[in-house]
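Novice: One structure, pasted below without further comment.
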Amino acid sequence: MIFPIFFTFFLLLSSSHASVQDFCVADYKAPDGPAGYSCKKPAKVTINDFVYSGLGIAGNTTNIIKAAVTPAFAAQFPGVNGLGISLARLDLGPGGVIPFHTHPGASEVLLVVQGTIIAGFVASDNTPYLKTLKKGDIMVFPQGLLHFQVNGGGTPALAFPSFSSPSPGLQILDFALFKNDLPTELIAQTTFLDAAQIKKLKGVLGGTN
């Protein structure tokens, strides 16, 4: 009898801030912190804080990766602050690609609604998992693992990724390596890539040295 009572008490103590209150709409006038935005005063909350219309507009895919991500994270959608969820729109033009990247703060579920997308991730033991996804398919990407999406057809593809955090974070591997001022010689030593290729990639992505 004691254990169930203790367990219930523990669950109550470990409840999130959002479960103590009905919601915690982001207050953009206050600074953002590791735990998210401060809560807007309830008297200033409106229905518009819980509605976001930006995902109905196609992203601009006329760029080097032929892709666009339109986020509805806490920074854009105040109503998701503190709720442990968020959403985005992914547009992939023909030949479009989202390079290897990670979300340090969230797992991801990808729903394909148009076209064909080749998606995959690499586990911590370096085992790759990949699948060609079509309309109606969903795929999960565990938190923190490197993953990618590639347009697998000759027509535009559209998907909606959702996340287990209002601020999932993002680090793109190619940008981390080549869109910076790390010395080419150091990158060559740590990646076993040819210096000429590294300089070429730095030139394409905006890196120096």
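Placed from the backbone N, Cα and C atoms, the Cβ positions cover glycine too.
What Swiss-Prot records for this protein is below:
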{"type": "SIGNAL", "residues": "1-18", "note": "signal peptide"}
{"type": "DISULFID", "residues": "Cys24-Cys39", "note": "disulfide bond"}
{"type": "DOMAIN", "residues": "53-199", "note": "domain 'Cupin type-1'"}
{"type": "CARBOHYD", "residues": "Asn60", "note": "N-linked glycosylation site"}
{"type": "BINDING", "residues": "His101, His103, Glu108, His147", "note": "Mn(2+) binding site"}
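Have a look at these and tell me how they're positioned relative to everything else.
Specialist: Around Cys24 (disulfide bond), taking its Cβ as the centre, 26 other Cβ atoms fall within 10 Å, counting all chains.
Over all protein chains present, the Cβ of Asn60 (N-linked glycosylation site) has 11 other Cβ atoms lying within 10 Å. Under the three-state DSSP scheme, Asn60 (N-linked glycosylation site) falls in the coil class.
Listed in sequence order, Val140, Phe141, His147, Pro161, Ser162, Phe163, Ser164, Pro168 are the same-chain residues six or more apart from Glu108 (Mn(2+) binding site) with CB atoms under 8 A from its CB. In the three-state DSSP scheme, Glu108 (Mn(2+) binding site) falls into the strand class.
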Novice: If the Mn(2+) site is taken as the center of the Cβ atoms of His101, His103, Glu108, His147, which further residues of that chain fall within 8 Å of it by their Cβ?
Specialist: Thr102, Phe121, Phe141, Leu145, Leu146, Pro161, Pro168, Leu170
Novice: Counting only other Cβ atoms and using a 10 Å cut-off, which of the binding-site residues His101, His103, His147 scores lowest?
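Specialist: Relative to the other binding-site residues in His101, His103, His147, His101 has the fewest Cβ atoms within 10 Å.
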Novice: Find the shortest Cα-Cα separation between Cys24 (disulfide bond) and the recorded positions Asn60, His101, His103, and name the residue that gives it.
Specialist: His103
Novice: Whole-number Å only: compute the distance from the Cα of His101 (Mn(2+) binding site) to the Cα of Asn60 (N-linked glycosylation site).
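Specialist: So the alpha carbons of His101 (Mn(2+) binding site) and Asn60 (N-linked glycosylation site) sit roughly 20 Å from each other.
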